[in-house]
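Structure first, commentary second.
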């Protein structure tokens with residue numbers, strides 16, 4: 001359905017036989033009503049044309065080629081002067097062939113058939129409304145037993161013999177033998193009921209409002225009883241109360257949606273449009289057909305056989321009629337959901353037929369693959385890799401993907417700058433990958449965000465906006481802090497990239513969907529852009545230097561790996577390697593890049609004269625005096641250089657290159673935030 005705002009919506013539910021007939025029936029210009037599929041044939045083996053009244057009939061579903069009828073006559077579509085609008089010889093309308101994608105047909109069933117979704121799927125809606133065990137209803141549907149009709153003030157065959165409902169099982173094989181087909185049909189319609197028709201009668205007699213009232217009264221009575229002390233009885237009461245709640249909710253849903261319970265039993269079976277169950281020709285002249293066509297043929301064969309038994313044959317035993325009704329029910333079950341009753345139906349190659357349920361459900365079904373996950377223009381897909389040098393709101397887009405996504409914008413830029421005279425020349429420049437193309441692409445991408453999506457999109461953070469930058473390679477680069485929102489990692493995950501085209505979509509992406517504006521979880525409000533996995537390991541490596549002070553390094557001989565102690569060959573004690581001094585962090589990082597020190601090697605870094613570094617009442621571990629009168633006071637984690645007059649000249653802190661790098665990153669982030677805040681105010 002489409003509402004007034006043109007939002008397309010899809011609702012799945014039960015429909016009435018009248019609605020099915022309205023969908024599938026059409027009236028030809030000569031007044032003839034068509035829509036019923038009566039023959040199980042598809043194409044004629046000689047003419048290779050659809051059979052009349054078959055599963056691909058052009059009278060029912062429309063012409064295969066636009067404006068051409070089954071006879072080969074041609075009419076201009078939409079020309080009002082052309083008359084008639086259909087072929088009087090074959091009855092095919094001169095319309096567009098796309099009608100075969102949505103024009104339905106129907107099969108008029110010779111007996112009512114229960115919809116297997118409502119009977120066998122758990123919870124069973126039919127069993128819930130009728131308040132009967134599912135096994136009992138299955139036996140009734142598949143003609144394993146019958147029940148007596150409540151006929152008052154009339155003598156009946158069953159009542160004269162004193163039979164009751166539970167005794168009819170013994171008459172299953174004996175009663176039909178006394179009647180012909182016509183006589184048994186009269187007897188059954190009068191006194192007994194079985195099959196899906198019995199279910200339909202019971203559902204039609206239900207009053208949903210009375211069901212709600214009675215269920216609420218029973219629920220209150222069970223609640224007043226309280227606990228009995230018997231665990232088994234208490235569980236039984238609890239299960240019954242849960243059942244009553246589900247029954248009330250189901251009845252309210254039927255009332256709210258104007259659905260009648262008897263619609264769960266089918267009298268008319270819809271036939272899908274031919275284009276949704278095609279027969280195609282492959283190499284070698286062989287034909288490939290959708291499995292649904294074979295399942296439809298099975299239903300039509302059995303339904304036609306039952307129709308012949310009920311109308312033409314008068315000497316057929318009633319038991320054969322009941323068996324044929326069971327076969328029709330099983331054929332419809334297989335069409336709707338193959339394998340739901342046990343062993344699935346297979347073809348000659350032992351391959352399971354794909355039923356209607358198999359076509360629409362699952363990851364490769366019609367909804368998730370074709371409707372929800374369909375391919376769209378201005379989109380791409382690639383593997384994600386980590387981009388540690390990216391900002392939080394940026395993503396790295398490979399050149400190959402970027403030039404395809406923004407090709408129309410690049411063409412417009414080339415023409416506007418008079419670098420190309422037309423679209424063809426612009427495309428040739430793009431194919432040749434001239435340098436000017438990448439310059440224009442950079443300009444286009446600067447003001448155009450892109451959307452990254454990782455399936456499954458379970459919450460709103462599954463799709464976020466980023467500012468793209470060109471990167472080499474063929475993988476999308478992503479900042480590691482946004483991975484938690486996507487539930488992504490870098491072990492081969494793929495992400496889709498989309499380009500918002502309209503101005504409204506770009507504004508929405510900038511104001512609502514940018515990654516740096518989605519730092520908190522929308523569900524619980526906790527921070528979601530937090531370090532995980534590789535980032536935690538990296539932080540550990542950066543800060544895994546000396547945590548125990550100078551004493552351990554200098555005097556503990558076992559700690560020679562981290563602090564580069566070397567064993568002398570002439571005696572049994574260790575040589576201490578002097579820890580280097582650096583006047584600033586740039587010199588320390590430069591020494592690391594030159595491989596003069598390791599990432600976790602301890603060093604002395606000159607620090608600003610901050611009294612907070614100096615611990616009060618702490619005595620130095622060592623004091624080193626120099627010839628000029630200055631001396632060094634060495635403490636556990638810092639060092640003070642004093643003058644001859646004991647004035648503090650310098651302070652050195654004991655740290656590692658990893659700590660320095662982490663501190664610089666934090667300091668730059670704070671300074672950037674301060675600048676942004678000051679400019680904003």
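Using N, Cα and C of the backbone, Cβ positions are placed for all residues, glycine too.
Per Swiss-Prot, Zn(2+) binding site is recorded for 69, 71, 87, 90. Per Swiss-Prot, the feature Mg(2+) binding site maps to 489, 491, 493.
Counted within 10 Å of its Cβ, the other Cβ atoms near residue 493 (Mg(2+) binding site) come to 16, all protein chains included.
Ranked by CA distance from residue 69 (Zn(2+) binding site), the binding-site residues 489, 491, 493 have 493 at the top as the closest. Across the structure, residue 493 (Mg(2+) binding site) and residue 71 (Zn(2+) binding site) place their CA atoms 55 angstrom apart. Excluding 69, 71, 87, 90, which define the Zn(2+) site, the same chain contributes 70, 72, 73, 86, 88, 89, 91, 92 within 8 Å (Cβ to the Cβ centroid), listed in sequence order. All protein chains included, residue 90 (Zn(2+) binding site) registers 16 other Cβ atoms within 10 Å of its own Cβ.
For residue 87 (Zn(2+) binding site), the same-chain residues lying six or more positions away in sequence with a CB closer than 8 A to its CB are 69, 70, 71, 73, 93, 94. In this structure, 71 is the one among the binding-site residues 69, 71 with the smallest number of other Cβ atoms inside 10 Å of its Cβ. Cβ neighbour count for residue 491 (Mg(2+) binding site) (all protein chains, 10 Å cutoff from its Cβ): 7. For residue 489 (Mg(2+) binding site), the same-chain residues that are 6 or more apart in sequence and have a Cβ closer than 8 Å to its Cβ are 483, 533.
Calculated from their C-alpha atoms, the gap between residue 491 (Mg(2+) binding site) and residue 90 (Zn(2+) binding site) amounts to 61 Å. DSSP assigns residue 71 (Zn(2+) binding site) to coil, not to a helix or a strand.
Sequence-ordered, the extra residues of this chain that approach the Mg(2+) site, with Cβ no more than 8 Å from the Cβ center of 489, 491, 493, are 384, 488, 490, 492.
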